[in-house]
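The next block holds one structure in the form of structure tokens; read it before the comments.
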Amino acid sequence: MSSQQKHRIQVPDGLRDVLLEFSIAYLLEQPGDVIDYAVEFFSKLQENRKNTMITAAEPTSPDESIMSHEEEPLVNRYASRRKSVFAETYDPEADDDDDGARAIFPKTDEQRARLCDSVKNILLFRSLDKEQMNEVLDAMFEKKVKAGDYIIKQGDDGDNFYVIESGVYKAYVGEDLKHIHTYNGSGSFGELALLYNMPRAATIQAETDGQLWAMDRQTFRRILLKSAFRKRKMYEALLDAVPMLKTLQNYERMNLADALIPKTYSVGDRIIKQGDAADGMYFIEDGTVSIRIQQDAGEVEISRLEKGQYFGELALVTHRPRAASAYAVGTVKVAFLDVDAFERLLGPCMEIMKRNIDDYESQLVKIFGSKNNITDIR
């Protein structure tokens, strides 16, 4: 038995169904904060289960014991229709077809600019680098719709992923077409069936004339799923080399890897500016970063950081403005962790980072010979 087989985790059906139902609800409603939404969702789920147990303990007639269509979990209402779809899994690790033909739909500069504006706030595209983003833009094609058109229908197999440029669209579920969400001129839909290899979880109908951008199933998987897999593997290796993160559990490092956003800077670019409010921290993937502080005679370099090191964290820990600037020495690739994700994911490392403040102050004393006005160098 291989090492990979020994450590393969079997996901229980119950867990899979609960997470799938949560994913459906989240992707349909697209709330602002995933953590707050998850708390609300699972609290309601727990309350419904308690009510069901109480009801089950009471005498019922045969008709009353049957769960109504509205009460039945969303995932169960369609999962039985297309069991075979779940068998069609996608393994990005096994997919080594990097030389396959790319889908390219020519666009005018005006069309490409409109598409860029439509996709800039789509969560799924946040982690893509510039090259992958260009591949997404190349692969998407225009789809004009009229009021009343059905874009996708619940129960159908997933063919395309859609980004909204204009128009109003309504999402419905169930045979009675219960309205659950309205898209007003922005957003995206259709990813769920492609991510999970499942039938469409809802029906989407155009309320007005509109314009969509679409991407086919195969391209969506190759770009988004495979890039997400590679990103996680690359960032896991990067994070494994950071001593501060040794206190994190494996699953915590995986969550951290998923939250990182790639950024690239050219020679001389200023990455952070002394005096600015802290918006996040940076892990260096490749290249060299110069840390400098402003003095009367101008900026003075106090250190250089290389691949595997990080910066920007202490301003987050101390809640003070940036006390130093960081510049790219040559081309620099970094993984950026925003302030919200930092506070959510790096709690176990907070004490270590606080202890590092003394180390940084000692470094400044060696350079300037005094602790006067020394603050967080990051």
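Every residue, even glycine, has its Cβ placed from backbone N, Cα and C.
Pulled from TrEMBL:
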- GLU191, ARG200: 3',5'-cyclic AMP 1 binding site (BINDING)
- GLU313, ARG322: 3',5'-cyclic AMP 2 binding site (BINDING)
- 124-241: domain 'Cyclic nucleotide-binding' (DOMAIN)
- 244-363: domain 'Cyclic nucleotide-binding' (DOMAIN)
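Per-class residue totals from DSSP over the domain 'Cyclic nucleotide-binding' (244-363), listed helix then strand then coil: 44 helix, 48 strand, 28 coil.
If you count neighbouring Cβ atoms within 10 Å for each of the binding-site residues GLU191, GLU313, the highest count belongs to GLU313.
Cα to Cα, ARG322 (3',5'-cyclic AMP 2 binding site) and GLU191 (3',5'-cyclic AMP 1 binding site) are separated by 39 Å. Look at the domain 'Cyclic nucleotide-binding' (124-241): DSSP puts its residues at 42 helix, 41 strand, 35 coil. Rounded to a whole number, the C-alpha distance linking GLU313 (3',5'-cyclic AMP 2 binding site) with ARG200 (3',5'-cyclic AMP 1 binding site) is 42 angstrom.
ARG322 (3',5'-cyclic AMP 2 binding site) is surrounded by 22 other CB atoms, counting those within 10 A of its CB over all protein chains shown.
For ARG200 (3',5'-cyclic AMP 1 binding site), other Cβ atoms within 10 Å of its Cβ number 22.
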